[in-house]
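Peer 1: Take a look at this one; I'll ask things after.
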Amino acid sequence: MFLSLRYSFTFLFTLLLTSTSPSRIALTATQDLTVTPSATKIAITNHIIQGLTNAGRGTKISGISQFKRHLSRFGYLGNKNNTSFDDVFDATFESAIVRYQRNLGLQVTGKLDSNTVSQMITPRCGDPDTSIAPYNHHHRHNHVTKNFVFFPGKPRWSRSMPMTLTYAFSRENMIHSLSMKEIREAFQRAFQRWASVIPVSFVEVDDFVLAEIKIGFYNGEHGDGEPFDGVLGVLAHSFSPEIGRLHLDAAETWAVDFQATASEVAVDLESVATHEIGHLLGLSHSSMKEAVMYPSLRPRGKRADLNIDDIKGVQSLYGSNPNFRSQWSLESDMSANQGAEFGLKPFSLATSLIIIIVTLVHSLCS
Ligand SMILES: [Zn+2]
Ligand SMILES: [Zn+2]
């Protein structure tokens with residue numbers, strides 16, 4: 001029961017939150033938008049929405065092409081640099097939707113239903129989902145569903161354990177809406193989350209060139225073939241081991257405190273930093289919505305605490321930090337006895353409720 005309740009609340013949350021943000025235009029537009037669609041941002045008109053839900057194989061609806069472009073951009077439909085797509089709902093498109101729905105933990109309908117469209121317009125990480133495990137890899141073991149995924153070839157940092165990795169911020173590629181101290185502290189907390197569960201520590205150094213992990217904020221095209229797209233859409237991206245590059249979209253309204261940053265399109269720096277560090281360590285996207293490695297994050301949303309899925313994933317690459325006392329192993333023992341998947345669902349539900357209430361109050365006051 002918790003499961004279905006939580007999903008309804010999550011969806012409600014989506015509607016509430018997006019009702020005050022520009023992306024909400026997508027679902028309530030009363031007139032056609034003039035926004036130029038890009039692969040990472042979908043501009044949806046009323047006209048398109050009406051035909052979407054029931055569209056199935058063989059139908060042709062103006063606007064399908066941008067969904068194809070989006071699915072292609074994130075690894076579901078052929079060459080991601082392909083720019084010409086038609087508006088035909090064909091079998092290839094349908095199977096791409098099915099894979100997308102599985103990978104994002106949505107109900108698998110093979111249709112562009114409202115949950116799927118809502119997910120596609122949610123801001124996300126720029127790394128593709130291609131390496132998400134195929135359906136049959138989502139096996140159950142001891143009542144725990146395993147959703148974490150590695151990059152192809154399972155790359156990781158090869159150093160003797162325990163290892164220390166250095167990181168540095170690019171002086172030239174910084175934002176000025178937050179102080180250097182705020183940025184530095186958000187990253188310290190993000191690195192510490194991972195360091196507390198694996199025998200890897202992180203230390204900041206001044207020398208950007210020599211640092212193993214290089215962090216910077218960039219606008220648009222910035223030299224790695226993965227241009228950023230302005231406000232929302234893609235928030236950040238990073239590279240698998242041992243490349244060590246972590247890039248954030250400088251156009252976002254980055255926040256470390258939503259009380260101090262009132263913008264409806266504010267993005268939590270610490271949550272995104274924690275997610276991107278997961279990539280740097282070798283984790284790819286998880287299909288578990290509660291995992292830090294889930295690919296999307298709503299504006300003003302937070303998801304920085306490591307989930308059991310993130311912890312198990314990263315520990316299978318690096319082993320456990322000897323000081324890590326697993327609350328999860330206790331809970332999974334308990335939940336195995338009770339036949340539940342995890343002991344943390346009530347917490348997620350409570351958190352969702354608090355977020356919804358806060359969002360409601362916020363939107364009523366503004
Ligand atoms: Zn990602
Ligand atoms: Zn980049």
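Even glycines carry a Cβ here, placed using N, Cα and C.
Curation plays no part in TrEMBL annotations; they are all automatic predictions.
According to TrEMBL, the active site annotation covers GLU276. Feature annotation from TrEMBL assigns Zn(2+) 2 binding site to CYS125, HIS275, HIS279, HIS285, MET293. Residues or ranges marked as Zn(2+) 1 binding site in TrEMBL: HIS222, ASP224, HIS237, HIS247. As annotated by TrEMBL, Ca(2+) 3 binding site applies to ASP229, GLY230, ASP249, GLU252. Marked as Ca(2+) 1 binding site by TrEMBL: GLU252. What TrEMBL lists as domain 'Peptidase metallopeptidase' is 153-320. Residues or ranges marked as signal peptide in TrEMBL: 1-20.
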Peer 1: Taking ligand 2 as the reference, state which of the recorded positions ASP224, HIS247, GLU252, GLU276, HIS285, MET293 have a Cβ closer than 6 Å to one of its atoms.
Peer 2: ASP224, HIS247
Peer 1: Are any of the binding-site residues CYS125, ASP229, GLY230, HIS237, GLU252 near ligand 1, with a Cβ under 6 Å from it, and if so which?
Peer 2: CYS125
Peer 1: Including all protein chains displayed, how many Cβ atoms other than that of HIS285 (Zn(2+) 2 binding site) lie within 10 Å of its Cβ?
Peer 2: 29
Peer 1: I need the least crowded one of these recorded positions (ASP224, ASP229, ASP249, GLU276), counting other C-beta atoms within 10 angstroms of each C-beta.
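Peer 2: Per-residue Cβ counts within 10 Å for the recorded positions ASP224, ASP229, ASP249, GLU276 bottom out at ASP224.
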Peer 1: Output the one of HIS222, HIS247, HIS275, HIS279 that, of all these binding-site residues, has the highest number of other Cβ atoms within 10 Å of its Cβ.
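Peer 2: That would be HIS275, with the highest Cβ count within 10 Å.
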Peer 1: Tell me, how many other CB atoms lie within 10 A of the CB of GLY230 (Ca(2+) 3 binding site), whichever protein chain they belong to?
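Peer 2: There are 16 of them.
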Peer 1: With every protein chain in view, what's the tally of Cβ atoms within 10 Å of the Cβ of MET293 (Zn(2+) 2 binding site), excluding that atom itself?
Peer 2: 26
Peer 1: If you average pLDDT over the domain 'Peptidase metallopeptidase' (153-320), what do you get?
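Peer 2: Averaged over the domain 'Peptidase metallopeptidase' (153-320), per-residue pLDDT gives 97.
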Peer 1: Could you give the Cα-Cα distance between HIS237 (Zn(2+) 1 binding site) and CYS125 (Zn(2+) 2 binding site), in whole Å?
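Peer 2: Their Cα atoms are separated by 6 Å.
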